[in-house]
C-alpha cells in the first residue's frame, strides 16, 4: 500500500502536463489539489493502527543482489511527518492557486512540487538506507528547481545554486555515513541497524559515521555553519518557502537525527555535537533575524533558529525533550507555514516585502494582520496557553533544566544550556514582535507602495486560517494530538511508548514559566528599543559570516581550478611531452628500484665484432649530430645515415627481408623529406635559454638511459625459450614456404599484415585529402 | 653485442626525444623518425642476435635466428613509414596555412 502512496505524486507529476494542456480555463492547481488531500486522508485512516502500537509496512524488490529493497514502513515518526507533508502540502497547493497567476509556468511549478512531495514521503517512509538516500537527493533536486522557478532572475539562480551545492555536499557525506553504517551493522535496513545498535557503537567506524551523518542532517536542516543557503532560498515563490523551507524539507535533517537517535543517543559525542550545534544555531539565527529587512528574510532566520531549538532537544535525548521536540516540529510547521503565507499575501497585495516600507497595514488587511499576530505570538512563545508555541517552549525550558539530572558528565556544558536557551528565546521574541508590529502597526507609508493595499482574496486566506486554527486549537487542547500522533512518534524516537500528559497550564510556581516571563520582560524592552540598538549590527563586520566563507570557498575553488588547469594546459606541446616523459621515467625508475629489477648478465651474449660496432658508432654520431643541423640537406643526409646504418645492421644480424625493406623505405622517406623540405622554411638554430636546453637534455638522456636499462635487464633475465621453434619447424610443413619471416607475415600472423596494409592505405588517403581538400578561406588567399 | 646494441638504441631514443622537445615542427618529424629506428633496433635486440643462419629454410641447417621479431619489425617499419609520410605532409600543410612551423606560434586560441 505504501508504495502506491509514494508513487501517487510522481504519477500525478507525469500526468499533470497532459491535463494542463487540455484545459486552459481552470487553474492547474485545482487538478493537483486532490493528490495531497487524498494522501492526507489515507494517512489519517492509518492512525488507529498505529495507536495500537503496530506499524504499517510494505516491501518490494528493487536491487536484491545489493540488498536494496523498496521497503517502506509507517511508524509514529513517519506518520507525523507524512501528515505534515500531505496536510501542509494540501494547504500550500490551495494557497498557490490564488498566489500564482495563470501567466506563470504552472505546469513546471506543480510538477516540481509533486516531485518534491513524493520524494519527501519517500524520505520519511523508507526503511532501506539507500532508498532513503535516493529520495533525499530527489528532494535536493526538486528544491533546486523550485528555488530557481523564476530562472530569469539572477538572485533566484544564485540561491538555487547555493542550496544545491550545500545540500548535495551534505547529501554526499550522508551517503558516506550510510555506507559505513551498513558495513558496521551488516544490514541496509534502519530497523535492523537499531537492533544491532551495540555493534555500531562499538565499531571503529562509529565516530566517522556519526560525523558524516550529522553533516548531512545539518546541511539539510540549515544548522550552523551550513545555514546560509536558507535565506538565499527565499527567492523561491512564497508557497515554496512556506512548504519546503519552513514545514517539510528543512525538517528532513531533523527527521534523520530523530530516526537514528535510537542508535546514537546516549553517547556523549552525539549529545555534545547535536545540542551544541543546535544551541549555536538557535542563538545565532534569532540574533540575526532582527537584523533583516525582508519579511521572508526574517522568517528564514527564524526558521534556522527554531530548527536549532528542535535539534538541541533531540540532542538531549531524554523522554521529555524528545516529546518537546516532536511537539515543536508540529507547532513550528503550523505557525511558520501560516506566517510565510501571510508574508506572501503582504507581498502580493502591496508589491513589497521590505519591512522598512511597510507599516500600518492593520487597517487595510485586518484578517491577515490578526492571523499574523497569532502566528508571531505563538512563535515568540508568549505565555498565554492559547498558543501552541508557548507550550512547546515551556517544555524546552523544562527539558534544559532537567538535563543535569539525566546526563551528569557534561556538567559545565549542561549548566549553560538553560541560559543560552533563554537568550535565544529573548531574541526570538524580539524578531517576532519586530515582524508583526513593523508590518501591521504604525503609520502606513502608502506613497512607498506600488499598489494600494487591500485585503487578500478569501481563497488565499483559507490556508493560513486553517493553520492558525491549529495553533490555537493545539494551544487550548494540547492532548488532542498527544495520544494519537505525538506519543507514537516519541515512541519511535526513544523506543518506549510512554504516554505523557501534556499540561495545559503548569501553574505559576514553576521555573520554566519564570524563564518565559524573563524572556517576555527583556524581550519587550529590547523590542521597544530596537531602533536604538539595531545599528550595532552594522558595526559587527560581515567578514566572518558563513555567507562570506561560502563565497570564498566557491570563488576559491573556481580560482584554484582555473589556475591549476592553466598551469599545465599551456598549449605548449613541449611541456606536455616533457610531463609525459618525466612521468614515464620517474614511475619506471621507481618500479625498477623497488622491485630490484635491474639485472645485467654476460652469459648469453653474441660476440662483439668490429663491423657492427663501427656501423653502430657511425649511427650514434649521426643521430646526435641531427640535433645541431642547421642545413636542411645536411639534416636529411644525417637521418639517412642512421636509416641506412640500421639496414646494414639488419644485414649483419641476418635479417635479409628487414634490410631490404629498410633500404627501400629509407630511400622513399629521404625522397619525401627532400620533396617536403623544399616547401618548408629553413631549419633554425634553437633560440632557447641554456636552462631550457639543460632540461631537454636531462629528459632526453634519462629517457634514453631508461630504455637501455630496460633493454639490458630484459635481455639478462629471460625466463623461457622463444616460441619461434614452432615457426621454424612448421614453416614448410604448414605454410609451404622456405622464407620463415614471410610465412609468418602472410600465413601464421596474416591479420597483422592485413591491417598494416590498411594503415598504409589510410595514410595515403589522408595525404590526398590534406593536399586536395582545403577550406574555402584557404583558397581565397 | 646485445648490450652495445641496447646502448645504441638508447642513444637513438635520447636523440629522438631531444628533437621532439624542440620548437620547430620539422625537428619533431625528424625526432619521430629517430625514435622509430631506436624502437626497431630495440625489438631486434630483444630476440637474440646472431644465433644461426638467416631465417630461410635450407637443407641441413638446424640453427636459425629468431624469425618472429623480424616479422614484427617488418610490420612496424611499414607502419612508421606511413605515419612519417603523413606527418611530413601535415607539416607541409601546416606551414602553408599558417606561414610558420614554430610550435609556440601554432597554439590554439584561448577560447578553445
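Count begins at 1; order follows the chain as displayed.
Yeah, the Cβs are placed from backbone N, Cα and C, and that goes for glycine too.
Bear in mind that TrEMBL entries carry predicted annotations, made automatically and left uncurated.
These figures come from a predicted structure and were not determined experimentally.
When TrEMBL is compared with the stretches A:205-222, A:223-240, A:241-258, the one noted as transmembrane segment is A:205-222. In TrEMBL, the transmembrane segment annotation falls on A:573-594 of the listed ranges A:573-594, A:727-748. Per TrEMBL, the range carrying the annotation transmembrane segment out of A:30-51, A:338-359 is A:30-51.
Proximity of the transmembrane segment (A:30-51) to the transmembrane segment (A:205-222) is not established, fewer than 3 Cβ-Cβ distances being under 8 Å for residue pairs spaced 6 or more apart. With Cβ pairs under 8 Å as the measure, the transmembrane segment (A:309-330) is packed most heavily against A:72-100, out of A:72-100, A:106-125, A:130-152. Sorting the domain 'MrpA C-terminal/MbhD' (A:617-682) by DSSP state (H, G, I as helix; E, B as strand; all else coil) yields 55 helix, 0 strand, 11 coil. Within the same chain, the transmembrane segment (A:573-594) stays apart from the transmembrane segment (A:753-771): fewer than three Cβ pairs sit under 8 Å, each pair at least 6 residues apart. Taking Cβ pairs closer than 8 Å, the transmembrane segment (A:694-714) reaches residues 578, 581-582, 584-585, 588-589, 592, 597-600, 688 in its own chain, all 6 or more past its ends.
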